[in-house]
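Per TrEMBL, the features are:
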- 6-26: transmembrane segment (TRANSMEM)
- 38-60: transmembrane segment (TRANSMEM)
- 66-84: transmembrane segment (TRANSMEM)
- 115-139: transmembrane segment (TRANSMEM)
- 145-165: transmembrane segment (TRANSMEM)
- 172-189: transmembrane segment (TRANSMEM)
Amino acid sequence: MQELITPAATFSFFGTLLLINGIAFLRRSWLGKRPRNLLSLIFGWFAVAAGVALFCHAWGGEVGTAYALLVFSLAAFLVIAFGFEDRSHRRQKVRDVAPEPEERPTNWRRATAKALLSIVLAGVAAIGIGVAFAVSAPMETHDRIVIGGLLVPVLWGGGMAWTLADAKLVRATLLLLLISALSYGIAFLPKALAL
């Protein structure tokens with residue numbers, strides 16, 4: 001029995017308790033009224049950060065972060081599952097209709113521009129952010145490359161979804177061009193100026 005109670009197990013146990021309590025506080029602040037729930041919000045994020053810190057202290061930075069994220073996800077699932085409430089017996093309130101997308105006349109030129117904008121320009125911006133992260137993030141080289149590579153498809157998908165959902169093509173074009181210019185500037189300008 002004594003072999004089971006190691007410092008890593010003790011820190012993990014208390015880290016798990018902190019993560020569960022932190023998520024419970026965050027859920028409480030989310031369900032509460034705005035002015036009074038600030039304290040629950042602060043306690044919730046503090047408990048989550050302390051729980052992650054305990055896991056990192058027990059297992060090291062890389063493994064501890066993975067364990068903390070796993071326990072965080074499971075704890076969030078448990079808090080939400082235990083807070084489940086069957087509302088089918090309540091009277092349905094009349095709600096506003098969900099906002100619909102703006103009605104605009106579509107033509108083949110606009111559809112082609114939107115497709116090119118969402119696929120090509122969102123991809124260029126996502127690759128630029130990934131390369132900028134891989135080149136200039138303050139981490140080990142292998143970690144920067146892996147995280148930068150993993151960022152690209154996520155950001156590309158997000159950029160495509162946002163571009164297709166936005167009704168104004170000019171705004172999306174300008175913002176994606178600005179993001180591309182900034183990210184490629186961060187990635188390659190210091191090396192070009194050093195020559």
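Glycine residues also receive a Cβ, built from the backbone N, Cα and C atoms like all the rest.
By the count of Cβ pairs under 8 Å, the stretch nearest in packing to the transmembrane segment (115-139) among 6-26, 145-165, 172-189 is 145-165. Using a cut-off of 8 Å between Cβ atoms, the transmembrane segment (6-26) and the transmembrane segment (172-189) share fewer than three residue pairs, counting only pairs 6 or more apart in sequence. Beyond the transmembrane segment (38-60), the same-chain residues lying 6 or more positions past its ends with a Cβ under 8 Å from any Cβ of the stretch are 7-12, 14-19, 21-26, 28-29, 32, 67-68, 71-72.
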